[in-house]
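Asker: Handing you this structure, nothing more for now.
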Amino acid sequence: MLSTVNHLHRTVGIPSAAFPVLGSLATGTIALAYPEILYWGFENVDILLESRPFVQGLSADLLLQLVGVKIVATSLCRASGLVGGYYAPSLFIGAATGMAYGKFINIAVAQSSPTLQLSFLEVASPQAYGLVGMAATLAGVCQVPLTAVLLLFELTQDYRIVLPLLGAVGLSSWVTSGQKRRRDGKGTTKLNEGNRRPTQEPEMSSSETSGLSSDYALTEKAPYENNPCEIESSLCIDDSSIETEVFEKNVLVSEAMRTRYVTVLMSTLLTEAVSLMLAEKQSCAMVVDDNNILIGLLTLADIDDFSKIIKSENRITKELLVTELCSLDGKRCQVPWIAKPSMDLLSVQIIMDRHGVNQVPVVSEHIEDHKRQPVGLLDRECISVTFRALATRESLR
């Protein structure tokens, strides 16, 4: 749904401010036929669970319709930029799904042959299935299995529900976490294709591109517990539209790069290199020659791995030099990509996303013979801070 909204914004040219209006209109239109999808402060969940007296319950067919409609309405609201989260919708969807399943099971058992109706295979009420469905959906969507189990057990105070609750919550959390790991394994989040611009990729030799430093590994996104905005966006400021607007502007690398960075020589002791990184609060250092020409990138992860290898060989680690680490297997200290101050920041970020790197050295572009003298360091934190600062500056005008 989000990709559809971005496609409309890119091709049709609909302004970002119009999407919340269109999303509200679409949700309201759906609510004319299915008013239960609107948020009534959990009263609609009580209706689904048939916990209110003198209130007629919903049929299994209608419950399944509400599940599909609620998913569509929630997706529309989130994609259009309306304030909301996944917590309350997950409870609604789980309750409706569980109630529908419970009613189907009860109907199937009631219509089965009497010889198959064994006394020790009693079917629970649909409300029990609804409660278990709420916990399972909450655990899967928000990745909070322990919270879901404790929440439902506190609400029911019935120990008999614990075993099916643990089974449903565990299975739901296991399935969704596996899907998330597979998505994260494919790389970091891709930028919208409409915001892409022709990238300026520097020419690199095959030896430089053959090995990536271990600090250039793909960055895994933390689950929802590390990002409460994904669970309930009303707790946070939704600056996606502002950030997209800033993305479209021509922000240069020179505006975002770090001008304080660490440089070391091949003859520098590794202990001294680590001390310099600690002093500058950096996780990497650029390796240069006597003429200040960039020849490599040294990371803390590389040093840590190298020290473990040296200790296994019973060698003294305090006397190790940078050149010993960089010449170990020919793949360490390599610079997979470099940027220049005049490059478009969006293009550099696309390169970083495409190749799964977290930082790139920035070299001067006014040196003869294409010599690469470092002038800065660009990482993902720099990019994030720059876009937030520019967005804040725009909002103050």
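Glycine residues also receive a Cβ, built from the backbone N, Cα and C atoms like all the rest.
Got these off TrEMBL a minute ago, pasting:
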type: DOMAIN; residues: 257-316; note: domain 'CBS'
type: REGION; residues: 179-213; note: region 'Disordered'
type: TRANSMEM; residues: 12-34; note: transmembrane segment
type: TRANSMEM; residues: 54-73; note: transmembrane segment
type: TRANSMEM; residues: 85-109; note: transmembrane segment
type: TRANSMEM; residues: 129-153; note: transmembrane segment
Asker: Quick test of the contact rule: Cβ under 8 Å, at least six residues beyond the ends. What residues does that give for the transmembrane segment (85-109)?
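Answerer: Same-chain residues near the transmembrane segment (85-109) but 6 or more away: 37, 39, 42, 44-45, 48-50, 58-60, 63-64, 66-67, 70-71, 74, 117, 123-138, 140-142, 224, 230-235.
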Asker: For the domain 'CBS' (257-316), would you mind checking the mean pLDDT of the predicted model?
Answerer: 87
Asker: For the domain 'CBS' (257-316), DSSP counts of helix, strand and coil?
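Answerer: Split by secondary structure, the domain 'CBS' (257-316) comes out as 24 helix, 15 strand, 21 coil.
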